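Below is one structure, written out as structure tokens; the observations come after it.
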Amino acid sequence: MSWLSKLMPSGIRTENTPAKKRSVPEGLWEKCSNCGSALYGPELEENLEVCPKCDHHMAIRARARLNSLFDPDTATTEIAAQLGPVDALKFKDQKRYGERIKASQKASGEYDALIAMRGTLKGNPLVAAAFDFAFMGGSMGSVVGERFARAAEVALEVGCPFVCFSASGGARMQEGLFSLMQMAKTSAALGRLREAGLPYISVLTHPTTGGVSASFAMLGDINIAEPHALIGFAGPRVIEQTVRETLPEGFQRSEFLLDHGTIDQICDRRQMRDRIAELTAMMMRQPHPQDADAA
């Protein structure tokens, strides 16, 4: 500090005196991973994590997705919430599986990668499940398969449609064959729904790959995808290395799959609630959801 600064009253600050740093609450601002725009967190959350500048669909947590689908205060019944993963194989790679489970549970706040709930959509009963990619990349293990199967059974008991939002890297390798068995279990559960004449709508979000895409994610009576979602079994880089050819532009993206008849339609996340309400009402031969709301 200079001799002049010492003589100046304490209330006067010189140019060299550092100003107090104002702390910005964490998560108040986010950056769009597509266009790079700075986005105000609360507004982005209200917009269902879709960038208002470029319409890029960013990652959204499972509970936020389900809350945006169900009627307010109706999704009070969570299905098989008490189930948690078990390290039956005592698997260890760079880290023990048990340690990975604890770390993922702490980071995500969830017991496992799939959340299933029962509620209503525009007055009509509905069962829905959603993957949380924040939990071990949305990988499918025994708990995911069991929760999915139980959700399908609840839909069967209630006699209502079942909707699942997929976002997964595939089967969870740390559970070995226990994980692969879930492909058959979930597909069999959907078979029972189909026999009962109850609709299943599969919503494929970014990314939907591996064993999830090879089982229930592609078994919907109607398969809907979010814009520009990566959907496929193996990733494009793996395929290029295997076939030693350059893949077409946009390969495995939802727009490419729609053009080639792999999925039925693409829907913006902000319109997804209305779209699913219309489709389920039509398939269940119920009144138009807007008419039901008006009544």
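Backbone N, Cα and C atoms are what each Cβ position is placed from, and that goes for glycine too.
Keep in mind that this is a model prediction, so the values were computed, not measured.
Look at Swiss-Prot and you will find 1-20 tagged as region 'Disordered'.
Residues or ranges marked as domain 'CoA carboxyltransferase N-terminal' by Swiss-Prot on the basis of sequence analysis: 28-295.
Spatially close to C32 (Zn(2+) binding site) yet at least six residues away along the chain are L39, C51, K53, C54, H56, M58, judged by Cβ distances under 8 angstroms. Look at C32 (Zn(2+) binding site): DSSP puts it in coil. As annotated by Swiss-Prot, Zn(2+) binding site applies to C32, C35, C51, C54, with the evidence given as sequence analysis.
This prediction places the mean pLDDT of the zinc finger (32-54) at 96. The zinc finger annotation in Swiss-Prot covers 32-54.
Highlighted in sequence order, S33, N34, G36, S37, L39, P52, K53, D55, H56 have their Cβ within 8 Å of the centre of the Cβ atoms of C32, C35, C51, C54, the residues recorded for Zn(2+), and are not part of that set. Counting every protein chain shown, 20 other Cβ atoms lie within 10 Å of the Cβ of C51 (Zn(2+) binding site).
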